Every structure is written in structure tokens, then in C-alpha cells.
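Features reported for this protein in TrEMBL:
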COMPBIAS  140-155  compositional bias 'Low complexity'
DOMAIN    257-402  domain 'Oxidoreductase molybdopterin-binding'
DOMAIN    424-500  domain 'Moybdenum cofactor oxidoreductase dimerisation'
REGION    140-166  region 'Disordered'
REGION    497-521  region 'Disordered'
TRANSMEM  65-87  transmembrane segment
TRANSMEM  108-137  transmembrane segment
Amino acid sequence: MINGPKRRDALLAAAAGAAAVAGSYLATGWTPSFVVRPVDQAIVNLTPGPVVTFAIATFGDAGHLIHIGMAVAAVAGLFGAVAFAGLRVAARTERRATAAAAAGGGAWLLAAALTGVSIGALGAALPAAAVVGAGWLPPSADGPASPSPSNSAPDDASDREGIAADGSRLPAGVDAVRRRTLGVVAGALGFVVAAAGGRRLSAAGDDPLPDAPRSEGAAVRLQELDAAGLAFESDDLHDMVSPIGEFYNVDIAEFDPEVTAAEWSLTFTGETETDRTVTFDELVDRPVEHRAITLRCVGEDLNGRKLDNAVWTGTPIRPLIESVDPQGECDCAMLRGEDGYYVQFPVDVLAEGFLAWGMNGKELPSGHGHPVRVLIPGHWGETNVKWLSEIELLSVEDDGYWEERGWEGTGEVKTVAKLWDEGITELGDGRVELAGHAYAGTRGVERVEVSTDGGDSWTDAALSDGLPDADVWRQWRHVFEPDGEHEVVVRATDGTGALQSGEESGSVPSGASGWVRRTVG
Ligand SMILES: Nc1nc2c(c(=O)[nH]1)N[C@H]1C(S)=C(S)[C@@H](COP(=O)(O)O)O[C@H]1N2
Ligand SMILES: [Mo]
């Protein structure tokens, strides 16, 4: 199947294409400089609206994987075509160096054209050149045109004879040629796997906060949260703080903007007495706090996983807003991020907010808005703009990104108690631990009740200690001894004494409601 120079070249070229994409990913990560991004963006932009709506309704979050998969395949194909052209050119000159240079040079040009970044393009070019250089053999290596190996044939294209699948005799060296090609292809695939894995490991944000006292301040808060928490038997359930790599993520764009602290600034525009631009150095010079703040996405299902808590390091927004003296009629503001995201809500809600540059004692990771994001206590996740660049004070209300798409997700969060799979743990002595988190925004969680008989009777769950933070979830835990199958129901009561609404609704447009029910036992 890989006999013949053309087929062998096609296989090598495909491997080189895959290696080029992997190399680009290794060099740049999931950033705008990754060669797949412009093609993925084009697919997203060119897909007609009804198809997008159908895909979201049918595939949900998997829709992202589908268009990313298409983009990766298309870009690998483009690099493969370039490598193939390089191999065919070299077939005429019979020189390995020509093959490697043509494939590598072509890949570099293609990568630079796609991303506009010439140094980063080497990440794609070098692996492509390496695969083609290692796998290239003179056309004569395939025989039968050459009865004896030509002088440029590599050592392992020996004169041993092989037997083809159909039993016929193959020309000298074909087995060795095949082995070499497959070896190079396997090596390229190994590189693809290693690049993907290596990047994943390094992606977990672990840059410490810029100066030591601040890291220590955050560490102290993390310990306080830990001390306030319940010890769950479940190993897989987060405690009071979600680790950075496991904190949920919602982005309108597939690729995080790359903004350095030195480049970053926040500008107040629109209906202000004075416009103002704040740089990163000015921001971190302001009074620093370490706050526990929980985020929940309005788009998640009732028992969904888009609810997490972290300790954020930053500074209150109120003094900055007061310094520009907003004048607009609507007392509302449009916040904008570097990725093109925007959301609008009242200035007095914004004034309660926090500008964060640290998360769990580390620099804010790129996926969560590096270098600076907004955190708005008690409101749905969409108000917490990442990669924040502008706060425009408006004179009339206007829709944000999600509101334009039918959501009403800028208001206060609904009360919820979760019971995820990881929260149901057999203790080995016949008892079962039911455990999870409950959240009610700034109203706070006062009580969590558990029913093991479908809602006929209720028992109070144990709760983690209350914390001074205005907007933080609580853990709950209840152990019981099942006797056959039980319908477990959980519900929370907020700090105003209001019981979580049992009326069931989906997440559109303003967040799911109802009580989480699970069959246990
Ligand atoms: N710039 C920007 N900010 C954003 C978003 C976005 O896509 N771009 N998504 C919003 C939504 S819908 C949610 S729920 C939260 C999620 O924050 P996280 O990804 O840090 O968990 O960020 C909000 N802020
Ligand atoms: Mo969200």
C-alpha cells in the first residue's frame, strides 16, 4: 500500500502536515499565533446562522470540537500539500536537503501567511522539514527502475528481497523502504502526541503573583477557606476552592487573546466628566485585597458544572469609577474585552466590582482573562469580563453580546444546591455520603436540606463555615444508609430566608431553576 514513490510521498507529507500543526501548537499554545486559529475563525464566520443554531441545539459543547476538528484537519492538509510539493520537487533533484528545505520553507511561508508571525511560524516549519528530511528517499529506492541501489540510496535500503502481501516478489530494498517510511510516520505521530500532552501540562497557570507579600496574602486566604471547609470523603469533589486547571471556562472565541501586563490598559470612555486610562502598574499599586468569589454561568443546566470558586487578588473598582464621575442618563456601562466580548449593566452594580490580576495565589491565567478581569459579586458569570480593556459609560441602555442572542443573564444569580456524580460516595460500611456545593450570590447560603424520599421529608445537611466574603458558595454534606433505591432531592435556602425555587425551567433566558433530583442506591 505504500509502494511507489508517490504513495510514499503522500504518506510522509500527511505525517509532516500533522507534525507542523503539532509543532505550531507546542510553540504557541492555544493563542492567536496557532496556525489553526485563522482557519477555525473562517469556519465560524462562514457557517450560516441556522447551521450554528442547529449545531448548538444538536451537539451542545461538542459543537466546538466539531469545528475545531474540521479546522485542524484542513490546516494539516494544507501543510501536507506543501510538504508533498516539496517532496515531488526533490524527487527530480534526488537530494534530501532539497526535500527538507522545500517542505520546511513552504511550511514557514504558509504558517507566516496564516498567522502573520514569522518567528512563531518556525514552530510549524521545523517539524515539517524534519519529517520530510528523515523520511526522504531517492525515487530509485523503490525499484524496479533501478536494479541496484543508486549511490545516493541510504544504508538501510539494502538489497534484501521482500514478499508482497499477494505473495509476489518485491524488488530489492522495498521492505526496508517501507519500514523506514513507517518509522518516520510513527515518529511524527509520536511527536504530535507529545506536543499535545506537553502543552497541556505547561498550560496549568503556575506563575506566581508579581511580588512575594501578595502571594503570601493569597496563600493565607486559601488556608482560611480550607479551614472553613468540610472534609469530603469524595476524592474527586472540589473543596472550598476550585483548582485553576479545573475552574470552568466560557469563551465566545476559541482562542484567548494574548495581552501582556505591559501592553494592558483600561480606558473609561463615554459619558464621563474626565476620560481616564489606567495602566497595569497603576492598578497593582492600588489597595490590594484577596477575595473569595464564586462564578456561575447562566447557560448551565440546573445540575451543570459551570459553578466554581477561587480566591482572587485585585482591587475594588468603585474609586476608579468615582474618579471619572459618570454623567450618563441610564447610569449604565458597557464593558469590553480584548476578544470582542461586551456586556452592559448598571453602574451601581459595577461599583461593587473588583478588578483581579491574581487567581489562587498565581497570576491570572490566560483562559481566565490575563492580565485583568472584572468580578461582579452575585451576578451571573457573563458580567465578569475577561481581558478587560474598556468601560464605556452610556447615556442609553444597550444589549451586550449574550443579550443580543436572547439571554437575560446580567442580573443576580438564582439559588442552587448541586449534587454532582462525584458527590455521591459509598463509604464501604453500607452508608453513602451525599455532598456538594450551594450558591446564592450575595444573599449567601443559610441552609441546605436533603430528602432521601423524593421530597416527602427533609433533613438539614452539615454546612462549611460562613465566610466574610460577600459572594462565596458553601459546601454541604449529608451521610445516610440507603435501603434499596432512593430519590434524593436537595434544596438551599438563601440568607434572606427564601427557599430555592422548585419550579422547573431551563437555562434560557435567565438561568435554570428547580431542585436537583438523583436516584441513589
Ligand atoms: N472577554 C470575555 N469575558 C467573558 C466571557 C467571554 O467570552 N469573553 N464569557 C463570560 C461568561 S458567559 C462567563 S460564565 C464567565 C466565565 O468565566 P471563566 O471562563 O473564567 O470561568 O466569563 C464571562 N466573561
Ligand atoms: Mo456564562
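Each Cβ is built from the backbone N, Cα and C atoms, and glycine gets one as well.
Since the structure is predicted, the reported quantities are computational estimates derived from the model, not experimental observations.
Regional average pLDDT for the domain 'Moybdenum cofactor oxidoreductase dimerisation' (424-500) in the model is 97. For the domain 'Moybdenum cofactor oxidoreductase dimerisation' (424-500), DSSP puts the residue distribution at 3 helix, 40 strand, 34 coil. DSSP places the residues of the domain 'Oxidoreductase molybdopterin-binding' (257-402) in helix, strand and coil in these numbers: 22 helix, 60 strand, 64 coil.
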